[in-house]
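Take a look at the structure below.
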Protein chains: 4
Amino acid sequence: MTTLPATTALPFKVADLSLADAGRHQLRLAENEMPGLMALRAEFGASKPLAGARIAGSLHMTVQTAVLIETLVALGAQVRWASCNIFSTQDEAAAAIVVGPEGTVDAPAGVPVYAWKGETLEEYWWCTDRIFDWSAEAAASGAEWIGPNMILDDGGDATLLVHRGREFEAAGVVPEATDDASHEYRVVLDTLRASLELSADRWTRIAAELKGVTEETTTGVHRLYELHAEGELLFPAINVNDSVTKSKFDNKYGIRHSLPDGLNRATDVLMGGKVAFVVGYGDVGKGAAEALRGQGARVIVSEVDPICALQASMDGYQVARLDDVVGEVDIFVTCTGNKDVVRTAHMLAMKHLAIVANVGHFDNEIDMAGLESLEGAERIEIKPQVHEWRLPSGRSILVLSEGRLMNLGNATGHPSFVMSNSFTNQVLAQIELWTRPEQYPVGVYVLPKHLDEKVARLHLDALGVVLTELSPEQAAYIGVPVEGPYKVDHYRY
Amino acid sequence: MTTLPATTALPFKVADLSLADAGRHQLRLAENEMPGLMALRAEFGASKPLAGARIAGSLHMTVQTAVLIETLVALGAQVRWASCNIFSTQDEAAAAIVVGPEGTVDAPAGVPVYAWKGETLEEYWWCTDRIFDWSAEAAASGAEWIGPNMILDDGGDATLLVHRGREFEAAGVVPEATDDASHEYRVVLDTLRASLELSADRWTRIAAELKGVTEETTTGVHRLYELHAEGELLFPAINVNDSVTKSKFDNKYGIRHSLPDGLNRATDVLMGGKVAFVVGYGDVGKGAAEALRGQGARVIVSEVDPICALQASMDGYQVARLDDVVGEVDIFVTCTGNKDVVRTAHMLAMKHLAIVANVGHFDNEIDMAGLESLEGAERIEIKPQVHEWRLPSGRSILVLSEGRLMNLGNATGHPSFVMSNSFTNQVLAQIELWTRPEQYPVGVYVLPKHLDEKVARLHLDALGVVLTELSPEQAAYIGVPVEGPYKVDHYRY
Amino acid sequence: MTTLPATTALPFKVADLSLADAGRHQLRLAENEMPGLMALRAEFGASKPLAGARIAGSLHMTVQTAVLIETLVALGAQVRWASCNIFSTQDEAAAAIVVGPEGTVDAPAGVPVYAWKGETLEEYWWCTDRIFDWSAEAAASGAEWIGPNMILDDGGDATLLVHRGREFEAAGVVPEATDDASHEYRVVLDTLRASLELSADRWTRIAAELKGVTEETTTGVHRLYELHAEGELLFPAINVNDSVTKSKFDNKYGIRHSLPDGLNRATDVLMGGKVAFVVGYGDVGKGAAEALRGQGARVIVSEVDPICALQASMDGYQVARLDDVVGEVDIFVTCTGNKDVVRTAHMLAMKHLAIVANVGHFDNEIDMAGLESLEGAERIEIKPQVHEWRLPSGRSILVLSEGRLMNLGNATGHPSFVMSNSFTNQVLAQIELWTRPEQYPVGVYVLPKHLDEKVARLHLDALGVVLTELSPEQAAYIGVPVEGPYKVDHYRY
Amino acid sequence: MTTLPATTALPFKVADLSLADAGRHQLRLAENEMPGLMALRAEFGASKPLAGARIAGSLHMTVQTAVLIETLVALGAQVRWASCNIFSTQDEAAAAIVVGPEGTVDAPAGVPVYAWKGETLEEYWWCTDRIFDWSAEAAASGAEWIGPNMILDDGGDATLLVHRGREFEAAGVVPEATDDASHEYRVVLDTLRASLELSADRWTRIAAELKGVTEETTTGVHRLYELHAEGELLFPAINVNDSVTKSKFDNKYGIRHSLPDGLNRATDVLMGGKVAFVVGYGDVGKGAAEALRGQGARVIVSEVDPICALQASMDGYQVARLDDVVGEVDIFVTCTGNKDVVRTAHMLAMKHLAIVANVGHFDNEIDMAGLESLEGAERIEIKPQVHEWRLPSGRSILVLSEGRLMNLGNATGHPSFVMSNSFTNQVLAQIELWTRPEQYPVGVYVLPKHLDEKVARLHLDALGVVLTELSPEQAAYIGVPVEGPYKVDHYRY
């Protein structure tokens with residue numbers, strides 16, 4: 001890695017540009033499925049509200065993200081990009097973005113992307129570091145130094161790097177990892193240590209420049225609220241995750257699509273007639289259960305929250321504890337965002353060749369560490385991201401994507417139409433923070449409801465949906481403007 | 001009416017007590033379906049947290065409400081009751097409550113109920129007035145005067161009477177109705193005028209006594225928020241409607257049950273293969289659409305809110321404007337809470353014998369006034385609550401429950417299990433306001449989430465639901481207590 | 001009963017003609033839902049292919065049957081009618097038919113109907129006897145004697161009476177009942193004994209006159225195949241039951257409608273979240289399971305046939321034995337056509353207030369005899385057709401319709417649209433046998449597929465279905481006529 | 001091709017045996033999903049009822065077929081195999097079968113397979129020819145000549161070759177192709193011409209040796225019935241297609257699985273909210289519609305058969321003509337088995353990037369020939385089996401698998417569990433014909449119902465299904481043996 005020129009706009013593995021054409025075809029198809037983003041290009045392409053914005057983006061480098069990136073550029077922004085997951089990059093999408101719509105393999109004219117499928121953790125954090133290095137852009141513009149002034153984040157890794165970097169610069173030293181630190185956190189520390197060696201105030205200058213972050217996920221949002229509660233948040237943040245058109249669409253309808261897709265690609269197993277166990281009946285679990293039932297599986301749900309448990313029951317699902325039914329289940333799907341939801345003891349009690357899949361959270365949702373350290377367990381790769389684990393019980397189980405998000409690892413993640421909703425929220429959030437900073441002192445915000453409704457509105461035509469309009473009398477009768485917003489803030493949809 | 005003794009505990013039509021035994025059987029069956037209320041009796045029957053509470057209740061006098069009333073009594077409260085709808089009383093339930101579990105026809109020992117099926121508006125408001133007259137109880141206890149100190153309201157009529165009564169007493173006069181006042185509002189004014197003749201400060205004293213109100217419905221809650229915004233709210237209010245276990249259960253799962261029930265009882269028409277049009281895709285519309293699809297109907301939805309419209313589309317429904325498809329629809333169901341949703345012009349364009357049903361709101365959701373004044377339209381009663389309207393178009397339509405809530409008028413409303421959720425919220429809200437008044441200065445509150453979760457929890461055993469428990473490590477990992485609450489307040493379920 | 005004038009056209013209890021107007025309204029609504037029958041009136045009303053036919057009809061005397069009867073009359077037939085079930089008559093429908101569309105209460109001009117809700121078995125068989133007595137018609141036409149020449153049967157009771165009557169006339173004596181004979185069979189023997197006393201050859205003459213029978217049900221068809229196998233069938237029979245548009249519609253879609261309707265009217269219990277057990281996954285069970293799932297119940301199915309069991313599993317249902325899960329079930333629904341499917345031991349093991357409902361067959365499908373003779377069991381009528389049985393277990397169960405078909409007893413049976421399919425088959429079958437007797441030597445036949453397809457075709461417009469037409473090239477390619485029939489005879493749909 | 005040694009056991013492209021290990025892993029997983037075949041190995045592995053059978057198999061060379069082949073071998077048969085489709089071979093499965101469970105790459109010990117993914121038509125028919133050449137086996141056994149004595153066929157190509165080969169040998173000459181002959185038929189004639197040059201009686205001898213054929217598909221069965229009707233069928237045939245456990249499972253539940261799988265792998269398009277048009281509502285269409293609805297699509301169905309159209313309507317789908325709605329559809333799925341179902345005019349009227357997919361039949365179901373010859377149309381390969389066609393309308397459409405079966409071309413066909421049902425029927429059919437030839441004179445037969453039920457029975461344990469047993473009294477009551485079969489032959493399931 002040390003031989004890599006740190007300022008190149010073209011990261012190494014993606015430099016195989018033969019993929020760009022394939023990626024460009026896919027972008028064109030995806031654009032047809034992302035009417036929200038295309039509508040923003042039409043609305044704002046001329047006025048370029050993001051002119052001046054320099055966005056450091058950290059989000060799965062997929063075909064859909066490629067359409068997002070080109071939308072940000074169309075609205076005037078400069079962009080650098082990394083993935084937020086070591087497995088999720090679609091190399092052809094990265095290649096297409098690097099080359100750019102007008103560029104060629106020999107004269108790339110796109111956006112610097114630091115992402116490829118199958119990064120090591122060292123590579124991953126190096127890539128994330130790269131989106132904060134705007135020296136190439138500085139050189140091009142003749143500036144002495146420029147940094148990014150906006151972050152678009154998924155999971156909070158980019159935001160974390162800035163906050164930790166600045167903290168350690170203030171302390172003058174990057175601390176040693178404690179004994180129980182994860183491997184990944186050690187890499188983060190190493191990355192920042194290397195940075196500190198090169199510059200004593202790099203992150204401090206970047207932090208000062210940043211106007212805000214827009215965050216995609218529950219996990220990242222959780223970190224932001226914590227930071228803000230501790231008084232440590234350095235810039236305003238918009239919580240994109242909790243837009244209705246994000247959380248209730250991405251989580252539910254995205255998983256409804258990508259869970260069965262991943263199961264099929266990984267195993268080709270008939271879901272019909274099978275017993276499927278869905279751990280957690282939040283939005284993700286609701287989408288998972290619906291998809292499995294739609295394929296004829298019998299779904300059992302587990303829940304810790306009595307309200308969600310009651311919903312699952314009202315929706316016709318059996319609600320049981322995993323411990324009580326583990327031996328009769330064919331397919332396990334974790335949807336909780338918690339850890340140790342499927343434990344080693346469960347795995348030892350499963351049917352032969354039961355399938356274990358995670359669509360909720362990190363790879364600790366299934367106790368992969370426990371499995372890996374289980375004496376007598378043997379791991380056989382059936383194909384990439386599909387492993388048979390022969391267990392001391394004499395039975396095997398099939399673990400997908402090594403316990404990580406299998407809808408990304410075994411399938412292609414959420415489909416374009418779903419991501420168009422999420423990403424239209426992202427772009428609107430970037431515009432909000434960039435163009436109306438006075439409205440957003442340091443803090444964590446959700447998008448105002450009229451923008452949430454706008455996101456939905458931009459996706460209706462593509463589905464043939466014809467909206468009804470309130471008459472002025474009707475609007476007055478229920479006390480809302482004719483053009484919305486139509487609901488109180490706490491409305492649950 | 002004037003000949004009625006105003007202080008009797010036994011309102012006239014219900015005095016036919018031969019119904020009491022039938023009602024008692026039904027109560028016993030309903031108790032089995034209302035595990036939340038029965039659990040509260042078990043938990044609080046000894047400690048009687050509602051001792052001292054004198055509750056004026058205004059809520060549909062059904063079998064389920066009867067179980068609620070007996071629960072309030074079991075928890076120590078004194079109660080008087082009226083219905084909140086002229087059609088919704090189940091006379092046998094009223095009779096059983098008047099007689100009481102221990103009483104007999106000759107020696108009734110129950111709760112005074114002022115409600116019967118098919119009240120006039122004059123009777124209705126007289127009944128509502130009666131629940132504020134506690135002179136019989138005063139006489140029994142030897143007090144000079146006592147009034148109610150709690151209201152349990154559905155739609156806000158009881159609360160309205162107190163607020164208007166006090167207002168007019170302060171003014172010293174009940175104003176004349178304006179020319180455009182509805183018939184009902186004239187009756188309200190007459191009722192208060194009669195009261196003012198008897199007492200100059202009756203409502204003022206009552207208002208001073210009241211510790212709070214717990215309100216059941218969207219409509220009533222809307223009035224409360226308005227009152228509070230205008231600074232006129234006289235006592236604290238708990239918004240029971242927006243408990244998750246109320247709004248997301250009652251509205252969705254209740255309608256899923258009672259809409260097809262009402263259609264069947266009213267018309268016996270096969271829903272399978274029919275085109276059903278659901279106006280509005282809020283919780284009520286979601287339940288209606290699911291029920292109709294579950295019976296094999298093809299459902300078309302209309303919406304004004306783009307988010308709800310997008311949800312309907314994602315759930316597989318066509319979303320169209322009523323005007324564009326009115327001529328191909330067999331069954332119309334309004335679920336909006338707005339007015340003039342189905343208009344006369346729509347009705348004239350409908351298929352012969354199309355069915356028009358309202359499960360959303362008042363009888364102005366369908367323009368009944370327009371229909372009634374339509375020249376050449378003729379109304380034929382097929383059976384009670386089912387009318388064929390012969391239209392000048394040469395076609396007929398079938399209007400259910402005269403445009404009022406047909407799940408109450410043509411069926412028996414929400415089933416016991418659903419109401420057990422709503423009413424367990426009601427009882428907990430009454431306990432909150434009564435026992436912890438210091439927590440609730442004048443204002444409008446929703447129940448804290450831990451009580452919402454408790455309501456759900458009390459209903460799980462009956463459904464065979466087994467809840468999973470978080471380990472302390474898991475709870476810490478996601479930052480919640482092991483015993484809940486488990487979600488942030490803005491979580492949408 | 002002996003005092004009744006045996007030849008009256010107006011049976012006694014129905015003589016209360018105040019019901020006729022109500023029935024007429026309902027007929028008018030039902031006609032709108034029975035497009036197949038109305039289309040036959042339009043097609044054959046002028047040519048009157050049933051002229052000369054004298055039909056003895058034995059089929060539930062409901063509103064739908066009333067439309068059938070008037071269709072038969074419109075096509076030229078003379079008709080007499082009885083119900084085929086002691087509980088299923090809708091008195092207003094019977095009254096409307098007796099009065100006739102043109103008649104008045106004082107001058108009835110309709111069809112003689114011998115049926116009322118709640119017959120005794122003695123009354124039932126007397127009524128059935130009456131449809132074979134055409135002396136009034138003989139008198140009116142001046143003939144010395146005439147008998148019916150066609151039977152339209154449901155369950156085979158009318159056909160049974162002719163076959164047994166002729167057999168006993170040949171023997172010269174009606175045998176004594178054996179010790180184990182059912183009460184009902186004793187009544188049959190008494191009825192025939194009374195007939196034999198009046199005439200030695202009445203049934204022999206009737207049998208000679210009969211050109212055929214069209215039979216509605218599985219049970220009746222089963223009897224016909226047995227009779228024919230034994231060489232005893234006296235006239236040709238058309239098996240209407242096995243038309244696709246009957247068995248796959250009536251059984252499946254009819255039950256999907258009327259099962260939840262009956263449950264609601266009987267108990268008002270929320271199906272959502274409940275555990276429902278469906279015994280048998282034939283067409284009836286498939287419809288029952290779909291209806292229950294559509295209301296949010298969790299459905300468990302039992303089956304003896306491995307193919308149907310596999311279908312249930314593929315459709316996402318748990319398949320278990322009743323014995324293994326009886327204690328966790330809230331609602332039991334029998335759909336088998338077999339006996340002793342729910343036994344006393346099962347009932348003793350059920351949850352408190354579990355609901356037991358039969359939509360399959362006779363009242364022996366649930367072991368009602370065993371329940372009635374169970375020591376310590378107590379029967380409490382909650383309302384007509386809904387009984388709580390307090391069991392020695394200390395728990396109660398709710399038995400609907402005394403174990404008989406609850407979709408008829410607690411609801412109103414199959415809805416008009418479904419019956420329009422069945423009855424259009426009936427009318428076409430009557431036309432076939434009456435107009436083309438040479439095509440039907442004694443035997444049991446199903447309707448040719450082109451007529452089955454015709455029945456379907458006549459019901460499409462009402463549902464807005466637009467059929468696609470094969471081009472001649474396409475028809476030739478798959479080897480069918482452009483106008484159908486389109487499938488091989490063994491096609492399963 | 002002429003340079004290939006005609007007698008080799010190892011066809012050329014598959015000779016890359018590095019795939020064998022991967023295939024073997026997949027076989028092991030598939031065996032777990034094919035309980036019917038594994039049960040037959042357990043039941044018949046010792047008695048080897050297929051000893052002496054030499055089976056020429058022509059059926060998609062997939063992983064599932066590999067399990068079938070090894071089952072046939074386990075039951076004593078000798079086998080040679082070709083695929084019945086130029087695209088459907090899974091090379092790793094072919095490789096694993098060639099190597100055999102005990103073999104190695106250097107010393108293959110499996111079954112000769114002539115199949116690879118992406119054959120030309122010339123290669124395809126050469127492969128089919130190879131399964132009839134048993135000279136290697138003759139050499140191994142020291143016989144002068146041996147031929148196959150059983151065919152296992154899918155689509156009838158192997159059967160066709162024998163019949164045509166024998167016919168032309170009798171004529172002494174292979175006729176010239178007529179002008180309108182398809183390219184494929186010309187290849188068939190060339191193949192047989194080459195054969196006739198080498199031997200004058202090869203097919204005549206083979207035909208004399210053959211004891212029968214078991215045929216998998218509707219298309220092949222149709223050919224067999226035609227051959228038999230014309231008196232030209234040379235040996236008995238069992239119609240495996242019309243076993244209930246084949247046609248109602250494979251067609252419906254197989255497509256329910258593989259249609260969305262193919263759509264996802266080909267396009268990654270969100271089905272939720274989309275308008276999908278399903279052409280044909282037979283078993284395949286029923287499965288397709290259910291799958292699409294299960295993913296939240298709005299499904300419109302077209303039908304020519306009024307019975308199936310009525311079923312679609314009762315199941316809640318809009319039924320319309322393609323011409324009337326073509327412009328509002330996002331996804332087209334053909335399920336008819338007919339030709340020219342989607343025509344060029346339709347394609348020109350479609351939305352931009354509408355998806356066109358065939359799961360019914362040959363590539364003439366969609367008029368691919370018309371599209372290919374359409375002036376101004378341009379074909380762009382997005383990826384293999386996914387082509388964008390830019391049309392003169394200015395819009396593009398996406399055609400999957402070049403109009404051929406996309407569940408095979410874009411996905412992996414029916415999953416193992418479904419194929420286990422089909423193939424268990426195949427093995428039982430082979431056993432029937434081989435061991436009880438006296439029961440099957442030349443003709444076309446379906447398997448007796450008890451074997452159909454046996455197939456189902458062998459698949460229940462794997463799904464956790466517990467079957468209920470009839471008591472002897474119950475069995476007698478409905479007139480069936482306790483152990484089945486349980487239904488009349490015309491029962492429709």
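The count begins at 1 with the first shown residue.
Keep in mind that glycine also has a Cβ here, set from the backbone N, Cα and C atoms.
In the three-state DSSP assignment, the secondary structure recorded for D:Asp250 (substrate binding site) is helix. Cβ-based neighbour count (10 Å, all protein chains) for D:Asp250 (substrate binding site) stands at 25. The substrate binding site annotation in TrEMBL covers D:Thr62, D:Asp154, D:Glu216, D:Lys246, D:Asp250.
For D:217-219, D:Asn251, D:280-287, D:Glu303, D:Asn338, D:Asn407, D:His414, the entry in TrEMBL reads NAD(+) binding site. D:Gly282 (NAD(+) binding site) falls outside any helix or strand according to DSSP and counts as coil.
Under the heading domain 'S-adenosyl-L-homocysteine hydrolase NAD binding', TrEMBL lists D:251-413.
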For a quick check of understanding: given the listed substrate-binding residues D:Thr62, D:Asp154, D:Glu216, D:Lys246, D:Asp250, what is the maximum Cα-Cα distance in angstrom, as an integer? 17
Find the one among the binding-site residues D:Gly280, D:Lys286, D:Asn407 whose C-alpha lies closest to that of D:Glu216 (substrate binding site). D:Asn407
Helix, strand or coil: which one is D:Thr62 (substrate binding site) in, per DSSP? coil
For D:Asp250 (substrate binding site), the spatially nearest of the binding-site residues D:Gly280, D:Gly282, D:Val284, D:Lys286, using Cα atoms, is D:Val284
Reduced DSSP assignment, D:Thr219 (NAD(+) binding site): helix
Sorry to bug you, but what's the C-alpha spacing from D:Lys246 (substrate binding site) to D:Lys286 (NAD(+) binding site), rounded to the closest Å? 15
Would you kindly determine which binding-site residues in the set D:Thr62, D:Thr219, D:Asp250, D:Lys286, D:Glu303 have their Cβ under 8 angstroms from any Cβ of chain C, listing them in sequence order or replying 'none'? D:Glu303
Need the DSSP three-state call for D:Asn407 (NAD(+) binding site) to compare against my parser. helix
Close binding-site residues near D:Lys246 (substrate binding site), where close means Cα within 10 Å, chosen from D:Thr217, D:Thr219, D:Glu303: D:Thr217
Alpha-carbon distance [D:Asp154 (substrate binding site); D:Asn407 (NAD(+) binding site)] in Å: 16
Do you know the mean pLDDT across the domain 'S-adenosyl-L-homocysteine hydrolase NAD binding' (D:251-413)? 96
If you run the three-state DSSP split on D:Glu303 (NAD(+) binding site), which class comes out? coil
Between the C-alpha atoms of D:Asp154 (substrate binding site) and D:Thr217 (NAD(+) binding site), the distance in angstrom, to the nearest integer, is 6
I'd like the number of other C-beta atoms within 10 A of the C-beta of D:Asn407 (NAD(+) binding site), please. 27
Are there any residues at least 6 positions away along the chain from D:Thr62 (substrate binding site) with a Cβ closer than 8 Å to its Cβ? List them or say none. D:Ser88, D:Thr89, D:Gln90, D:Ala93, D:Thr412, D:Gly413, D:Met419
For each of D:Asp154, D:Glu216, D:Glu303, count the other CB atoms within 10 A of its CB; which of these binding-site residues has the top count? D:Glu303
Sparsest-packed of the listed binding-site residues (D:Gly280, D:Gly282) - C-beta count within 10 angstroms: D:Gly282
